[in-house]
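Have a look at this one before I ask anything.
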Amino acid sequence: MGSVLPEIAAEGKGILTDAWDSKGRPAARSTTGGWGCAAMILGAELFERMTTLGIAVNLVPYMTGTMHLGSAAAANTVTNFIGTSFMLCLLGGFVADTYLGRYLTIAVFSAVQATGVMVLTISTVAPGLRPAVCGDATGQSPDCVPANGTQLGVLYLGLYMTALGTGGLKSSVSGFGSDQFDESDDGERKKMMRFFNWFYFFVSIGALLAVTVLVYVQDNIGRRWGYGICAVGILAGLGVFLCGTKMYRFKKLVGSPLTQVAAVTTAAWSKRALPLPSDPSMLYDVDDAAAFSDETNRMAPFQKKKTKRMACHVHICRFLDHAAIIDRAEAASPAEASKWTLCTRTDVEEVKQVVRMLPIWATTIMFWTIHAQMTTFAVEQASLMDRGIGGSGFLVPAGSLTVFLIGSILLTVPLYDRLVAPVARRITGNPHGLSPLQRVFVGLFLSIVGMAAAAIVERHRLTSSTHGVTLTVFLLMPQFLLVGAGEAFTYMGQLDFFLRECPKGMKTMSTGLFLSTCALGFFFSTVTVTIVHKVTGHGPRGTGGWLADNLDQGRLDYFYWLLAVMSAINIVFFTIAARGYVYKEKRLADAGIELADEEAMIVGH
């Protein structure tokens, strides 16, 4: 009787060959993973989202009213905090993929986030870590002394420790949750798709709790209690997460795609003087690597010989092809060469594909610059308006206006799925409704309309204020609803685009590209606010200019119009880049190559 390969025998016993349990043994399907483990992981994400957004949406009033900073400085504090949180996701993903793995990354960075929130809580409790209280509740009176370096230092320490924890946690939660389901099994693959739906649901619940319950506690009971609830919640979530350790499935470290990009770039630069062959097939590739590996490792019959499907050659960024040239020193044993000096042609083509996506990536950054205003100046606008509901005497917290943005997102997703997509299918013939880039275009357009609406409302508010009339805060609803709907379209379009177009071997790059557009959008908001405030501001402590500390003395409507014009210019460049972009599915079809099964599954999702 013939022998059975260990992998096949293991699968027959319900043992997974690509996942391990907590003791390093192949994971058993019946005792590891599944919904029980996924639920423990989702709890950590809920508290992450609640904490980060709960701090961000209500930070401007604290920075102006308690720390006595100007409007521009307060807005920049928020955008820098959120931008850093997103950008540190790249660091968290690199650490998880290369060193710690997703489980340890979640555990370590959850503890870091909890520590950061504890520091924030202390900074709101200790009297010496806040400037003296003054008569002006907005903190803009000349008698209000701004926070000193030590007080701001402790506050920023807490903020950026929280941002560091958020970055590490956010980078790994969704991936580790999907690790609990086996993609090769039809039943578990369907559960994994449902997991991503529940993941988005928990993110939304965390956001709603942040802008309603948490903001109310901060404004009416005490900011220390709001931050304290976050710290306790994070630690509770971490405790629940650790309780599932013996039941989790763990995947092997695959290395970061950032390393591949760096290796290809370094190898190409080091061989820039070597002539490129006229025939691309002469470049070193995965089949060559497998052949050399066979020749030198004939005694290792179970060695994995080929890890990637060959990619077709494209004639863009030809400079990177130098990385796949075999020089004289490597001719004898290319398989033993360092990846920093010799890369396969397939590795090079994967990096080229990322380069091809960069114009789209760059022109989606502007959306998140507009989105940043919904957590900064829009909140400050709300604080100057009538926030009462009827005659009840209840005042809506200024930071809670963000609930309209979140509600708009939650409403837009099913409306698109049930109404827009079917109509778009009939018009365009696209089985998915709108293509990813068409969805991004809609999102960018809605953000422009949202800024125009914000400028009109702000102009009306200023005019009414000069006549002693305080307008209702609900006039701000259109800008929140429009930008929220724009986020739904942009978010869905960006993720779908990056998932479709990123090479199969660099799938974690898709999340990194998306998160980096968010981060750079918030950082660009900081730069724009700084420049506008410097160019238009005059007088002591920002008493003039477009972004005056007292918005009644400024022209925030001009700033909103500036963002609308910048976004209109940006959408023109996006349209040019999108019209010239050819989707990977079509490029491969034109070359006579079919998508791999797993790639087709992602495209069809």
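Cβ from N, Cα, C; glycine included.
Below are the features listed in TrEMBL for this protein:
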| type | residues | note |
| --- | --- | --- |
| TRANSMEM | 73-96 | transmembrane segment |
| TRANSMEM | 102-122 | transmembrane segment |
| TRANSMEM | 198-218 | transmembrane segment |
| TRANSMEM | 224-243 | transmembrane segment |
| TRANSMEM | 354-374 | transmembrane segment |
| TRANSMEM | 394-416 | transmembrane segment |
| TRANSMEM | 437-457 | transmembrane segment |
| TRANSMEM | 469-492 | transmembrane segment |
| TRANSMEM | 513-532 | transmembrane segment |
| TRANSMEM | 558-578 | transmembrane segment |
Among 224-243, 394-416, 437-457, 513-532, which stretch has the most Cβ pairs under 8 Å to the transmembrane segment (198-218)?
394-416
I'm a bit unsure how to read this: which one of 102-122, 224-243, 394-416, 469-492 has the highest number of Cβ pairs shorter than 8 Å with the transmembrane segment (354-374)?
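If we count Cβ pairs closer than 8 Å to the transmembrane segment (354-374), 469-492 scores highest.
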What else in the chain is close to the transmembrane segment (73-96), if you only count residues 6 or more beyond its ends and a Cβ gap under 8 Å?
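For the transmembrane segment (73-96), the far contacts come to 52, 55-56, 59-60, 63-64, 67, 102, 105, 109, 159-160, 162-164, 166-172, 175, 256, 258-259, 372, 375-377, 380, 508, 511-512, 515-516, 518-523, 525-526, 529-530, 547.
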For the transmembrane segment (558-578), which recorded stretch in the set 224-243, 437-457, 513-532 gives the largest number of Cβ pairs separated by under 8 Å?
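Between the candidates 224-243, 437-457, 513-532, the best contact partner of the transmembrane segment (558-578) is 437-457.
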Excluding the flanking five residues on each side, which residues at least 6 beyond the ends of the transmembrane segment (394-416) place their CB within less than 8 Å of a CB in that stretch?
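Residues 53, 57-58, 61, 204, 207-208, 211-212, 215-216, 218-220, 374-375, 378-380, 382-383, 387-388, 433, 473, 476-477, 480-485, 487-489, 491-492.
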Could you give the residue numbers and ranges of same-chain residues that sit at least 6 residues beyond the transmembrane segment (102-122) on either side and whose C-beta is under 8 angstroms from one of its C-beta atoms?
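Those are 41, 44, 48, 51, 55, 92, 95-96, 129, 154-155, 157-169, 171-173, 175-176, 179, 224, 227-228, 230-231, 234-235, 237-238, 241-242, 245, 248, 250-251, in sequence order.
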